[in-house]
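Read through the structure below, which is laid out as structure tokens, and then see the notes.
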Amino acid sequence: MTLSDSDLELITTELGRELTPAEAALFENLWSEHCAYRSSRPLLQSFTTGDDSANDEGAEHVVIGPGDDAAVVRLPRVDEASETPIYITMGIESHNHPSYVDPYDGAATGVGGIVRDTLSMGAYPIALADSLYFGSFDRERTQYLLDGVVEGIADYGNAIGVPTVAGSVEFHNKYTGNPLVNVACIGLLTDERLVTAEAQSPGNKLVLVGNATGRDGLGGASFASEDLSEDAETEDRPAVQVGDPYTEKRLIEANEELITAELIQSARDLGAAGLGGASSELVAKGGLGARINLERVHQREPAMNAMEILLAESQERMCYEVHPDDVETVGDIAAKYDLGYAVIGEIRDGNYVCTFGDETVVDVPAGFLADGAPMNDLSATEPPTPEESTFPAIDAATAFNTIISTPNTASKRWIYRQYDHEVGLRTAMRPGDDAALIAIREAGVGLALSSGAVPAWTESNPYKGAQAVALENATNVAAKGATPIAAVDCLNGGNPEKPAVYGAFKDIVQGLADMCHTLSIPVVGGNVSLYNDSTSGPIPPTPTLALVGTKKTFDAPPAALTGDGTLLLVGHQSNNLGGSELLAQIGGTDKFPALPSNPTAVVDSLARVANHPSTLATHDVSTGGLAVTLAELITSDAGARVTVQNKTSLFTETPGRAVIETTDPDAVRHIFEGVAPVVSLGDTTTDGTLTINIDDEDTANESPAVTTDAATVAKQRRILEDALE
């Protein structure tokens with residue numbers, strides 16, 4: 001990738017001279033789509049971010065919104081009289097292209113990068129969530145990528161001691177040439193520990209702490225701003241970073257000590273565009289400049305030139321602004337943790353200047369470098385959405401057995417059992433449920449976390465599908481009794497220069513923004529990843545959302561039946577099958593299901609039901625519809641006898657619904673009165689069997705439409721384990 005003629009003309013006109021090679025490379029990376037959001041930034045104004053405290057609903061929780069390394073959200077407290085506010089940080093990143101070229105290192109360094117974004121704010125990382133998207137599971141290449149990505153996430157996350165507690169995995173043939181790896185991180189801090197990525201004062205020193213700089217990851221930002229080529233695995237390997245989790249662990253602990261000692265004025269991790277990106281963005285945000293001596297950067301490879309030192313994306317490095325009086329102490333702490341350390345320059349008024357030997361290799365206005373890229377004016381065409389119902393007939397038993405044994409509905413235990421999800425002793429609800437639940441004892445609240453998207457939904461109808469993604473994640477945390485308070489997004493799309501691709505991308509942005517606004521959930525930060533396009537075509541528009549909610553306890557009803565209650569289905573239901581797993585398996589098209597007109601009331605009511613003492617189990621209805629929800633709820637000790645109105649009721653994926661096991665059905669009906677329908681499904685049993693009757697088919701037939709048991713279902717849902725073990 002090189003600078004376009006128009007960009008080059010704009011830059012040389014601004015500077016009044018030709019660019020040095022280092023400047024050209026720096027602008028190429030910082031003005032890339034990956035760094036500058038040239039095709040998406042105007043669209044992001046649709047989101048309610050909480051920055052406008054007077055007008056944004058949900059803003060009372062937002063301390064720092066979009067624009068920093070991570071967002072900062074104030075947690076509500078059980079004891080409101082406490083004087084110490086407790087904050088969490090929220091961040092999400094993509095490492096899509098690197099994970100195709102090198103799935104292990106690509107995914108591992110994705111984890112490392114989002115953790116360092118957390119460190120930049122003065123927070124300690126306490127939880128990870130990973131949302132992964134791959135091509136058709138039956139392909140050998142897909143299984144290779146899945147195996148490598150999961151191993152990379154597990155090895156890195158486990159080694160640094162941060163639990164991976166939530167996430168999602170989706171398979172769709174349009175990810176075959178371009179998988180997605182989206183990783184979110186939650187951090188914890190108090191208000192006095194808060195640091196930002198905004199340079200504070202001229203005269204302060206810039207200090208580099210962490211790994212030595214090598215040549216790995218060169219041009220990573222520009223690499224992430226192009227379609228993947230057929231030869232990407234070999235040609236683009238140098239653009240993929242190599243991680244060292246044990247250095248990252250030492251960096252986490254050193255950062256904690258530096259923040260505790262109040263030695264850090266501002267901070268930024270070295271991610272996209274390396275030292276050049278981190279240092280220029282830090283001073284630009286403060287309206288300042290810097291003078292950096294590149295020869296002072298500690299290096300692990302010989303004869304590195306200025307451009308390589310500036311742009312290498314070697315991992316496990318932090319750039320700190322430090323008062324001159326504190327520089328020696330920072331060096332002592334770095335040495336204590338066996339970390340590299342170098343005073344590379346200082347913050348000044350004026351330009352961003354880098355020297356190498358006796359030569360000035362960069363001398364540009366920091367604000368122009370960081371924020372001067374012009375936005376793209378791209379054409380967009382409205383994506384077609386199905387309007388007719390055309391799909392083959394299929395009997396309920398065949399449909400049920402088909403739908404519970406697909407890669408998308410299969411058990412993901414093979415994946416999350418590789419993650420240490422309990423390190424840190426905060427995990428109150430483990431992976432495999434609707435949402436994770438993390439104990440924030442400092443505030444006396446439980447923090448529920450859900451992350452994911454459903455590409456079949458957004459492919460069927462980008463706008464409504466994105467709305468459904470937001471509602472689905474909100475429903476997940478509500479099903480565990482939590483009230484949503486904030487979210488971050490990772491907006492993944494194909495090549496935006498294709499009008500159809502850009503049109504669908506615009507729709508997912510607007511759909512996600514509209515539903516989050518309706519739910520009063522501020523989207524406090526995020527990431528955009530475009531050019532997820534390859535020789536096999538663009539990916540489906542994929543709006544990953546990581547959403548948190550809070551509750552006053554550290555426990556929640558599980559997504560597993562007890563055998564002691566009545567089963568109810570709560571929420572509005574549409575009989576359309578658009579975007580469903582059933583249609584993905586049997587073929588055909590249908591309209592996307594209608595969404596509830598009162599989603600906030602539905603989510604609030606579900607949270608109240610989940611916290612009611614009569615509630616024994618809760619599980620939201622999502623991919624695979626009610627059929628999969630019921631299959632996931634039964635255990636060897638608890639089954640169910642269920643009756644539904646029609647076959648479509650089993651397979652529609654209308655979001656905003658949940659199955660409740662309760663000993664007091666009237667209490668559930670009272671809570672949902674005037675909000676959404678409450679349908680009696682039947683009773684639970686203690687024999688581990690599931691029988692489903694369908695009213696409109698079985699009136700003259702005494703045998704159930706579906707009969708199965710927990711052992712059979714578990715075997716059918718083992719397809720990932722059977723293929724990969």
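Each residue's number is its place along the chain shown, starting with 1.
Using the three backbone atoms N, Cα and C, a Cβ is placed for every residue, glycine included.
According to Swiss-Prot, the active site annotation covers His34, on the basis of sequence analysis. DSSP assigns His34 (active site) to a helical segment in the three-state reduction.
For Tyr37, Asp489, Gly526, the entry in Swiss-Prot reads ATP binding site. The DSSP secondary structure for Gly526 (ATP binding site) is strand.
Its own atom aside, the Cβ of Glu93 (Mg(2+) 1 binding site) has 24 Cβ atoms within 10 angstroms in the protein chains shown. What Swiss-Prot lists as Mg(2+) 1 binding site is Glu93, Asn527, and the listing cites sequence analysis.
Taken from Swiss-Prot, the feature substrate binding site applies to Ser94, His95, Asn96, His97, Arg116, Gln241, Glu313, Ser314, Gln315, Ser529, supported by sequence analysis.
Within 10 Å of the C-beta of His95 (active site, proton acceptor) we count 28 further C-beta atoms, all protein chains included. Among the features that Swiss-Prot reports, active site, proton acceptor is placed at His95, with the record citing sequence analysis.
Residues within less than 8 Å, Cβ to Cβ, of Asp117 (Mg(2+) 2 binding site) and separated from it by at least 6 positions along the same chain comprise Asp69, Ala70, Thr89, Gly91, Glu93, Cys185, Asp269, Gly271. Taken from Swiss-Prot, the feature Mg(2+) 2 binding site applies to Asp117, Asp269, supported by sequence analysis.
Annotation source Swiss-Prot lists region 'Disordered' at 220-241.
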Q | Candidate with the highest Cβ count within 10 Å, taken from the recorded positions His34, Arg116 | A | Arg116
Q) Gly526 (ATP binding site): which of the recorded positions His34, Ser94, Arg116, Gln315 is the nearest Cα neighbour? A) Ser94
Q) Expressed to the nearest Å, what is the distance separating Arg116 (substrate binding site) and Asn527 (Mg(2+) 1 binding site) at their Cα atoms? A) 15
Q. Asp269, Glu313, Asp489: which of these binding-site residues has the sparsest Cβ neighbourhood within 10 Å?
A. Asp269
**Q.** Inter-residue Cα distance where the pair is Asp489 (ATP binding site) and Glu313 (substrate binding site), in Å
**A.** 23
Q. Looking only at Ser94, His95, Asn96, His97, Arg116, Gln241, Glu313, Ser314, Gln315, Ser529, the residues listed as binding substrate, what is the longest Cα to Cα distance in Å?
A. 21
Q | List of residues, in chain order, with Cβ under 8 A from that of Asn527 (Mg(2+) 1 binding site) and at least 6 apart | A | Ile92, Glu93, Ser94, Asn182, Val488, Asp489, Cys490, Leu491
Q: If we count other C-beta atoms within 10 Å, could you say which of the binding-site residues Tyr37, Ser94, Gln315 has the fewest?
A: Tyr37
